[in-house]
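Here's the structure we're looking at; comments come further down.
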Amino acid sequence: MTKQTEYKRKPEWLKIKLNTNENYTGLKKMMRSKNLHTVCEEAKCPNIHECWAVRKTATFMILGAVCTRACRFCAVKTGLPTELDLQEPERVADSVVQMGLKHVVITAVARDDLKDGGAAVFAETVRAVRRKNPFTSIEVLPSDMGGVEENLKMLMDAKPDILNHNIETVRRLSNRVRARAKYDRSLEFLRRAKEMQPDIPTKSSIMVGLGETREDLIEAMDDLRANNVDILTLGQYLQPSKKHLPVLKYYPPAEFAELKEIALSKGFSHCEAGPLVRSSYHADEQVRSAKEKTAEAK
């Protein structure tokens, strides 16, 4: 039995209860009516039913639904992106009002076809949400925007409450998992964000189950802390289709608990770790925890 077939069957702890109550169906209709996209749907997130039906939260995906990159773990469509929709920021802001969100996550496809990587629309979306929802905390989850400092500055000047950028995997596997992104470029992106706005918490996420070792994960944690990242999320990689990378290991909940303890011992202010954890999972709790610890440190 090979590693690839050994883990083909999902373990019990990955089975989730589907809840499609009126909150879920209502949010889905609203997204379609406003021509908005969510990473919850596009990336086939396993928590969509909990977030939409129970917590009534969602992660908006701006700049279209087509990504210029083709990372081997991701279910988002790739190809030639659509034209920029300059009305999108206002529609996102209106949706946040309609949903009554206390915390919103704004992410985007990679737009390597744009000189600014989509930074201007990203920043305007933050400002639009802030104008119409002054008490809503805002988390942004951008691509590396080509590693261009001016693009990052444009986004950070909009003053989101938290900057999230995912390294996705460990250094050893990075080129295979996300060939058009660079591990060290992502670390530099996170470091520069903290240098530009020291009071804004930074965050990153790692998927497990792609062939990494415990030592690889500890190295990645150390790399993130060396670049002043505050929050870490750890979750199980799930293969979106047979065309994507296979799952080489399903981590049990107990192992996630061990990894969380290691992460906290490294100095992360908050770590969310579990089989179904994704970057935006319980994001409102993460930002609250990080801000409380930042205040305590002053």
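Glycine is no exception: its Cβ is also placed from the backbone N, Cα and C atoms.
If you check Swiss-Prot, you get these features:
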type	residues	note
BINDING	Cys40, Cys45, Cys51, Ser280	[4Fe-4S] cluster 1 binding site
BINDING	Cys67, Cys71, Cys74	[4Fe-4S] cluster 2 binding site
DOMAIN	53-269	domain 'Radical SAM core'
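In the three-state DSSP reading, Cys74 ([4Fe-4S] cluster 2 binding site) counts as coil. DSSP classifies Ser280 ([4Fe-4S] cluster 1 binding site) as coil under the three-state reduction. Across the structure, Ser280 ([4Fe-4S] cluster 1 binding site) and Cys67 ([4Fe-4S] cluster 2 binding site) place their CA atoms 19 angstrom apart. Under DSSP, Cys67 ([4Fe-4S] cluster 2 binding site) is assigned to a strand (E or B) in the three-state scheme. The Cβ centroid of Cys67, Cys71, Cys74 marks the [4Fe-4S] cluster 2 site; residues of that chain outside this set whose Cβ lies within 8 Å of it are Arg69, Ala70, Phe73, Ala75, Val76, Thr78, Val109, Ala110, Arg178, given in sequence order.
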